[in-house]
Amino acid sequence: MNGAAHARLILLRHGESEANAANRFTGSADPALTANGRGQADAVARQLLDRGIRPARIFRSTLRRCADTTAIVTAVTGSQDVPVIANLALNERDYGALTGLNKAEAADRYGVEQVLRWRRSYADAPPDGESLRDTAARVLAYHIHVMLPAIMQGGATLVVAHGNSLRALAMALDGIDAVGVETFDIPTAGAILYEFAATTAILDRAIIS
């Protein structure tokens, strides 16, 4: 840890799910991890160990792919005894009518450009679903009121969530705007490590991959 660092935050996307492997919009659906996804979770947990990181507390989505990723990380890092808080605020963006569709099927139904806008833009929402802006509203409220006070208690806080809920959180932490977020992504089992001063200022940021 940076000598001046007071706390660490690790944003971790879950390992590959069955829907990821099938190139489907997952959203609020609840598939399991694939064998590859379980291996990804194990590998990133070992990288945390290599950096001397053992979580003091864990926040996660309520969905199975995050629960399973969390279980693997806690087993590898010997942190089965730490508090794990699951909350709907960290769940994946609701893809509405796109949920369960293969991305090629969605493109055939709605058009390639429209689907790309729904996937990557900040403000556009698919039918009956959430935009990234909608997702950010719930994620950031939870971060400000619940996670940040816990983070500032010190030690390492692990957040296990999803591509879009973590994109929303990283927008705030990294100062990414609505245009920049269109090309920002976190791969399955990808992690970002932040180090905080006691003032909540971010001292350092690193990609764990």
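Glycine too: its Cβ is placed from the backbone N, Cα and C atoms.
Quick look at what TrEMBL annotates:
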- H14: active site, tele-phosphohistidine intermediate (ACT_SITE)
- E92: active site, proton donor/acceptor (ACT_SITE)
- 13-20, 26-27, R65, 92-95, K103, 119-120, 163-164: substrate binding site (BINDING)
- H162: site 'Transition state stabilizer' (SITE)
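Of all the recorded positions listed (R13, H14, R93, H162), H14 sits in the most crowded Cβ setting, with the most other Cβ atoms within 10 Å. Long-range C-beta contacts of G163 (substrate binding site), restricted to its own chain and to partners at least six residues apart, with a cutoff below 8 Å, comprise R13, E92, D185, I186. Calculated from their C-alpha atoms, the gap between A19 (substrate binding site) and H162 (site 'Transition state stabilizer') amounts to 13 Å. Here K103 (substrate binding site) is positioned 20 angstrom away from H14 (active site, tele-phosphohistidine intermediate), judged by their C-alpha atoms. Under the DSSP three-state reduction, R13 (substrate binding site) is assigned to strand.
Among the binding-site residues G27, R93, K103, the ones whose Cα sits within 10 Å of the Cα of H162 (site 'Transition state stabilizer') are G27, R93. Highest local Cβ density among the recorded positions E16, E92 belongs to E92, counted as other Cβ atoms within 10 Å over all protein chains shown.
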